[in-house]
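Below: the structure, in structure tokens.
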Number of protein chains: 6
Amino acid sequence: MNQFGPSFSFLGVPSCDLAALPDADVVILGAPYDGGTSHRPGTRFGPQAIRQACYLPQDGSRPSLAMGVDALKDLRVFDAGDVEMYAPESTASLQRLEDAVFAVADAGAIPVVLGGDHTIAWPDATGVARKLGYGRVSMVHFDAHADTGDTEYGSLVGHGQPMRRLIESGALRGDRFLQLGLRGYWPEPQTLDWMAGQGLRSYEMTEIVARGLDECLTEAFAIATDECDGVFLSVDVDVVDPGMAPGTGTPEPGGLTSRQLLDAVRRCCYELPIVGVDVVEVAPPYDHAEITAFLANRVVLEALSAIARRRRGDPWDPRRPLLDGR
Amino acid sequence: MNQFGPSFSFLGVPSCDLAALPDADVVILGAPYDGGTSHRPGTRFGPQAIRQACYLPQDGSRPSLAMGVDALKDLRVFDAGDVEMYAPESTASLQRLEDAVFAVADAGAIPVVLGGDHTIAWPDATGVARKLGYGRVSMVHFDAHADTGDTEYGSLVGHGQPMRRLIESGALRGDRFLQLGLRGYWPEPQTLDWMAGQGLRSYEMTEIVARGLDECLTEAFAIATDECDGVFLSVDVDVVDPGMAPGTGTPEPGGLTSRQLLDAVRRCCYELPIVGVDVVEVAPPYDHAEITAFLANRVVLEALSAIARRRRGDPWDPRRPLLDGR
Amino acid sequence: MNQFGPSFSFLGVPSCDLAALPDADVVILGAPYDGGTSHRPGTRFGPQAIRQACYLPQDGSRPSLAMGVDALKDLRVFDAGDVEMYAPESTASLQRLEDAVFAVADAGAIPVVLGGDHTIAWPDATGVARKLGYGRVSMVHFDAHADTGDTEYGSLVGHGQPMRRLIESGALRGDRFLQLGLRGYWPEPQTLDWMAGQGLRSYEMTEIVARGLDECLTEAFAIATDECDGVFLSVDVDVVDPGMAPGTGTPEPGGLTSRQLLDAVRRCCYELPIVGVDVVEVAPPYDHAEITAFLANRVVLEALSAIARRRRGDPWDPRRPLLDGR
Amino acid sequence: MNQFGPSFSFLGVPSCDLAALPDADVVILGAPYDGGTSHRPGTRFGPQAIRQACYLPQDGSRPSLAMGVDALKDLRVFDAGDVEMYAPESTASLQRLEDAVFAVADAGAIPVVLGGDHTIAWPDATGVARKLGYGRVSMVHFDAHADTGDTEYGSLVGHGQPMRRLIESGALRGDRFLQLGLRGYWPEPQTLDWMAGQGLRSYEMTEIVARGLDECLTEAFAIATDECDGVFLSVDVDVVDPGMAPGTGTPEPGGLTSRQLLDAVRRCCYELPIVGVDVVEVAPPYDHAEITAFLANRVVLEALSAIARRRRGDPWDPRRPLLDGR
Amino acid sequence: MNQFGPSFSFLGVPSCDLAALPDADVVILGAPYDGGTSHRPGTRFGPQAIRQACYLPQDGSRPSLAMGVDALKDLRVFDAGDVEMYAPESTASLQRLEDAVFAVADAGAIPVVLGGDHTIAWPDATGVARKLGYGRVSMVHFDAHADTGDTEYGSLVGHGQPMRRLIESGALRGDRFLQLGLRGYWPEPQTLDWMAGQGLRSYEMTEIVARGLDECLTEAFAIATDECDGVFLSVDVDVVDPGMAPGTGTPEPGGLTSRQLLDAVRRCCYELPIVGVDVVEVAPPYDHAEITAFLANRVVLEALSAIARRRRGDPWDPRRPLLDGR
Amino acid sequence: MNQFGPSFSFLGVPSCDLAALPDADVVILGAPYDGGTSHRPGTRFGPQAIRQACYLPQDGSRPSLAMGVDALKDLRVFDAGDVEMYAPESTASLQRLEDAVFAVADAGAIPVVLGGDHTIAWPDATGVARKLGYGRVSMVHFDAHADTGDTEYGSLVGHGQPMRRLIESGALRGDRFLQLGLRGYWPEPQTLDWMAGQGLRSYEMTEIVARGLDECLTEAFAIATDECDGVFLSVDVDVVDPGMAPGTGTPEPGGLTSRQLLDAVRRCCYELPIVGVDVVEVAPPYDHAEITAFLANRVVLEALSAIARRRRGDPWDPRRPLLDGR
């Protein structure tokens, strides 16, 4: 059951029940939580928007032109619906989400969580770490913001703090935490000091522009795969420029293009051993013509397609013409 | 300090500090809480939107054509800014609001609370009842919804339950609870039974259309002023038809016109001993051209103008030409 | 299967298969056809928008405050999904719709068709007439437009002509054709002459304002129930003023209020032997905050609730207080 | 030539040249001036929006269902395009407009001016008075605002002052000035005193609601036709409630419905000797789905249709069924 | 005559009549057809939107800073208005368009067709091939989608199939078909196989990013000019990222920037012997602030400017400063 | 006092009074003037939008990740509110603005003016030149348009002419005038000739794409710092592509990305001796989700941060990792 609106699955993949998980490669979860947002709310409608933002039939098939796979067919992908989340009951809600993610990971599948605000990265990555071991999972984190704040309005819960919680609890190691796309005017110096002390590697947009995103990614991947059993990919859609992804709560101008994000997500999922994914901060009330939801939908598909291609094992060349070899 | 965006006061009235309240007739409070909404969020931006939704200078003066008073001048009106509210800390947030409302009432002023979702009616009316005595305050409640639900996602907190909480706690009497504008498909029968058991008088739109709003109001006022020391007026902007007030979270077609609401609020505040007001459920992300915010701003002004005219004491005739007697 | 977007049913009622209809009182059909619109398209997304436009859970239950019934429970209501319709194959598409409506009627259920543009009234009412007999079904038609045009861009198919087709074919009798809400500057005199020649009774808004909607309805009902076996109710959402229902293709200022339409639909379905319903011309691309879709959803619920109450048989008094008798 | 965007005429009526006016009953002028607005600009795009806001062919024909005339055919209606207006050259721009209106009036036609902000009423009515005589023209003025302010930002020019200018100059008599629909919190008492001193008759919405619009109109018409040679009709679209006419600069909640305005305009033009019309304050940037532009277009058509019917001379009964007599 | 809304020409160029074509270099045609769209409709309003989307006077002059020509003056450019198209009469409508395009080509002018959905490329390119010879025209096709599907809802007509139709009919050669900008999850493998079998050269975005757009264009131009008498340029605005061109029906994230498209169109028209152009899939109902329409307008101007510069014959250097040589 | 809406300062920096300026490094001024716009108005609301467009607290602190400074703290930044501007009194309004800017410059602070349309660059740069000497200030001008027109609707005042006025008056030297981002179809050749004659160096987008923005900037900076005492930076937000900055009056497709503009502004303010800044042409009525206002807010912050870093004096390396050295 989806929490807001009618119940249906991501692009028509089979639904499943968390209490009786099928043999799956990937299980999609909705996390319609926007209680932790510090500014514009609305991400509670993110899961529904992302699930359906497509002009093609909702038929559980999406053959990727670029990767030459049909991830929704080649992988066993299910949608377990939404975890019920309610802001005045945040603690219980986040625990339910963590348990759901753990259940998916424990069943051997990759959880793909559709947010919701970025608060959910805390239970998302914790749930995976409960399965793979605290400190055994690296994080690749696309975002305009570091999300390493201490508290928000006096609370440990909030979309500006999940990464702090994950490192403080030991679920993730600070020195296997790769952040890409940061920019703007937050956090303040003492939080940057804390981040430095924890060994995070944070690529601000200035560095990305100066060195090139691909070089930064290659460097980050080397860190991410050092002494780790898997990588969690957390994509905050606000890493993209607000001009191209307006439907979000805390837009920071000067971000990546949609194309850059899709290519970067592809590289992550093709080159790294992904064990969990979340795509967060899509706020439909601020979107226009669903363009941000479409982008998030494609981020999910790009991730799944690259995972499927990685599993197929044959080499992939981005320069190869589309119709070559047919 | 206002919680979201810059700090400024309602239409430029003087600001004040809750900790050191001035001699005031009316103190405006912002309650930017949308943690309790069951559907579309966004009312956290309501207080800011309502404060400024006007095309006239923000100069702390609004001479009413209809009432012949300048409420912002004739009354001592101050704006104490927002009470800080954060959904994951709902209990503490609502307590802060209740304390703020009590402080205003205790200082002898009428609290006018700008929501926020309707959850805030619980602390709003409780704060007033703490001053005037539990069971001594009647409620006149304009709304599409009864807001008498038991729980929401397992929580006692929520915008569908404040009226239940107020009656259960004894802060307000069920048989001095007047509801106007109800319609649609909620709540379910057992809640209606509970309402009947508590003695509420609820005017569904069908009755209002059949009998006329003015007749219903007159009848309701008689109940409201029986054995009571004051009346709390709670206006959910969704009592107006969504076509005229789209910027709200749970729109129910078939409501009052804006004109009807303004006239009804005027009658309430001119004919009844108002001791507290809240105006709730303005959700700017869903508004168009600020029309819902403009309406809520005028609901506040209409209330204040009628209070001012009531205090002036001379008779008022709605049929009198505007320029007569000048 | 729904044609556009994910598959789900009207507010969560059970789905059914046209090829194997269950015992039903009402079967909902989507008719996502906007090929016949002469101006703004977009009603293809109407069925999906109407099905889900509600802030309450999609749980197949909607207890009406006004009517004291839960139509979705008290009646056996199913949703058979969309009939596939594609504008370049209009003839085949409309035939498929007519067959579907006939199948529902033939199974003894009331078809409720969610449009789509008004072209679909042709197959809708024809499908019912095929069951009940040509000339045996009256039409009550709420609309800003008479929809009795001859051709549109040289075609017999179009949203301005369905009523002409229905009368020409004999499916419906012109002198049992009741139109309410007409206004504006169309059709031209020769079409009005044709309408007069066929005996239509068309209530232009001027007459409705001058005489009152209730008086007009009472008069119309007398005609509609004279020598007929059932009444088809066709509601074009543009009968409501564009200010309250902007999401439509051919908006004509000066219409009914939402409240008036809901009350009128209630009277129709409570006082008349309804055998078919369609609700058309909701164009989501032009809607704001879903208000037009919400209205159309409530038109459907109002119709079903009144049908359920009519079937229950006990008297209904619009002046009775909501909580009386509990 | 139209000033903004492509050149085309009101609904396809013939174009004409101000310098060589044809024999005409009505000449339409665009006045794309928004330099005088005190809040939201955008009315410069009003003339273009009003000219084309219709879903019917732009064919210079609009047979009115209600009035039984085709004003665009029955009258000789031309569109002379826009008068060039530029805010930093306000004095020259307003003079050009006055001259254009005078030219039309002098040629024996009724000028119908499409605004533009309400500043233009000053040159509009002056242009007519230059022809008919200062003090010989009454004004019927639909508006939320009296527009009788003294200065705006130190300037005599502005959309809040045209009525003051007209009375001060003697073009119009204050005691033949009828205002309908006023409401809200402007102007301040000293301006009301000035208005009373000049003998204006201003119907605030409270009086209109209490007495009924039709009674107020009848009373106003008696004044308007006393010692006058013609009536100028000035319609500010903000007289309608912002919920139904959001596309305007200074929205004041609690206005007329669209239906009320259309009926009132019809009565004015059917019962009074109209010598000039302007329709102002349509601000497309704030409109949604063109609903305000559609309304203004229909205000023009309603006015022209009633003028045409008045000229035809046969009696008109609003209660007569649409198809009667065909 | 334009089909929807008032009649006016592209940026004020002279109008012409298809039945009596003047000596022209370029003739613009509107093709307001959205019957073939598989998802969001609205492109019927594309021609009108594209014609007028400009902030400069509609004066038939547009001196290009970049190319140093005023194409609307240097070339003889006319606008023949819209071809009437109506979805339920698709076959006849598309034939009318093909005949119109042929008429223009036959008169020696370049047809520039403003869509409309991409269905129209079928008649557009066929009309040109009828003049120049089947198989004698190459295609350069900018699009997110290959548009080589077999059928849509059982129909040969549709915006996903025009390129298949053109190759199947022999109008165009598959091995002179250059596609740029493809991406996403459509078409499925068997269609890709068909494309490969026909010899299409399709540049997916991955290849474009990896190799650079300019290198891909250079390679494509070599193919396009091999054994051909002219090149048809078909620009689907959805080749641009939806973040920059939201007003379209089937948005696929990850596209070109607006800048890239304009530069690419310029190169096509400066370096290739263009014999026909269409610009399609602008859907105004989904646009914001006309930005997609502005882009399409500039695509047309960029094409015309480059054609004009090519005809002038002197060398053009993109690195030359704007004011050099003046 | 701000002219439109409530009074508050840029992101909460201290307010100040023009008549009694404090010791300041930077003084912000609002110039809510849109009287000079040739197309879409609305920039009068620019200053208010830019001041508050941020999701962080309005606390007068913005520590830049990229530059390692907190400009609002490290510099003494004040906001002097709006200069009152009214279009029908353009001459007086522009003079007031010039005097205000001069007062700021004369007090030794850098004026940062928030527009308003680009007309204001005339008084802005003149005010600075009055202090530093006519001809002693260079201009770096980011814009899609040259703004060197002669007159607009016969007036010297207008947003297409300020640069002409500045050079004609001698306030600025034509040969120290650097324009970046020009494109499109304006101005016409004779104005280009005038520009060439004055020695302007204008980088059209074609040259910028061909040579790279950084190379162009380096070249421009060399000219700007030759024989000059300071540089005025004028940023028209329409230099960015309309897809990323839709909220503007005269959008020209094919512009810079937001990222490019932010980086370029940073370079200007870090490498050049900036003596004045304006950020203009933000038109909130055409914005979506405030993205253009957010961008303009960040342009201001980027400028201030780079100025602060330049003043700190230590070297800055864009390739240095964010957390290095902590």
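In case you wondered, yes, glycine gets a Cβ from its N, Cα and C as well.
Unlike curated records, TrEMBL annotations are generated automatically.
Record features (TrEMBL):
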BINDING   A:His118, A:Asp143, A:His145, A:Asp147, A:Asp236, A:Asp238  Mn(2+) binding site
Please classify the secondary structure at A:Asp236 (Mn(2+) binding site) using three-state DSSP. strand
Can you give me the residues near the recorded Mn(2+) site, meaning same chain, not A:His118, A:Asp143, A:His145, A:Asp147, A:Asp236, A:Asp238 themselves, Cβ no more than 8 Å from the center of the site's Cβ atoms? A:His141, A:Ala144, A:Ala146, A:His159, A:Val239, A:Thr250, A:Val280, A:Glu281
C-beta crowding around A:Asp143 (Mn(2+) binding site), within 10 angstroms: 25
Among the binding-site residues A:His118, A:His145, the one whose Cβ has the most other Cβ atoms within 10 Å is A:His118
Name the residues of the same chain, 6+ apart in sequence, whose Cβ is under 8 Å from the Cβ of A:Asp147 (Mn(2+) binding site)? A:His118, A:Ala121, A:His141, A:His159, A:Gly160, A:Gln161, A:Pro162, A:Met163, A:Arg164, A:Asp236
Is it possible to get the count of other C-beta atoms within 10 angstroms of the C-beta of A:Asp236 (Mn(2+) binding site)? 27
Taking the Cβ of A:Asp238 (Mn(2+) binding site) as the reference point, list residues of the same chain whose Cβ is under 8 angstroms away and which are at least six residues distant in sequence. A:Asp143, A:Ala144, A:His145, A:Ala245, A:Thr248, A:Gly249, A:Thr250, A:Pro251, A:Glu252, A:Gly255, A:Glu281
For A:Asp143 (Mn(2+) binding site), which of the three DSSP-derived states applies: helix, strand, or coil? coil
